[in-house]
Amino acid sequence: GFFQSHAVEVDIKDASNATCLYANWMMRFLITYESNTSDYKTTALNLSSSVTHNGSVCGNDTQAALVAVQFGEGHSWSINFTKNNETFQGDLITFTYNTNDTTVFPDAKRKGPVSVVVKDPTRPVQLNNVYVCHNIDLFEAENVTQIFWNVTVQPFVQNGTVSKKESRCPADTPTSAPTILPTTANVTTASTTTLSPAPTTPPKPVENPDTGNYSLKSGNKTCLLATVGLQLNISQDKPLLININPKTTTADGACGNTTATLRLNDGNSTLISF
């Protein structure tokens, strides 16, 4: 349960009541703020179950399309899309959080709305294609980490129907053949004359996680070092232990004057942020 957030669906209609822009996604924000005691704290802002999309517009050949959502106590997020003859692309992402929301920022020193504007790093998408990305995507700007997953979006929808042609993000592209689990249909039973039952093998205990060495650089200088073995103990439907494998885990993040962020991604949709 790392990402307890609600999905957002925006379906914008044109003057003829036909869909001109469609988006469905999940997102979460990690925000570092200064408290009343001049300490820096990091809090999580999730989408509430009540989200509005006032100000969203269809867009056309001369005007950018805009997805704008509002949620919680004065928080909002928006992205505008531009197009040419062949592709569309996200342009600017604007996120505004309100530190007057005492549920999320109980002791914020600075009160009121704070806006962060970043350039959308997503590559251009063919027109009349729907962009899909199920894997986690994130980027950091100033003191905010924006996290997205299960994204489906198509601006400039043609003929009022969302396209069935998908443009997948690189993270969704499989790198190897999927594992086929055995079933009664694909398992061949060999004949045997041995009737004695096979010995019962006790379940293998989960081993301690391997220790990884992770580091970040600021310019040409190392600004953060971490030597750590990580194991996740997830207890929802049933207990599940996951060891983070340093050989397949990448590290990124940022170092600031008063804060540093280390993010570890195991390439299997598990993201840990320190």
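Note that Cβ sites are derived from N, Cα and C of the backbone, with glycine treated the same way.
Here C169 (disulfide bond) comes close to T122, Y131, V132, C133, N135, D137, V151: these same-chain residues lie at least six apart in sequence, with C-beta atoms under 8 angstroms from its C-beta. Summarising the annotation, TrEMBL assigns disulfide bond to C133-C169.
Annotated region 'Disordered' per TrEMBL: 162-181 (among others), in sequence order.
For 189-212 (among others), the entry in TrEMBL reads region 'Disordered'.
Sequence annotations record features per position, and here TrEMBL assigns compositional bias 'Low complexity' to 189-198.
Among the features that TrEMBL reports, domain 'Lysosome-associated membrane glycoprotein 2-like luminal' is placed at 209-273.
All chains included, 21 other C-beta atoms sit within 10 angstroms of the C-beta of C133 (disulfide bond).
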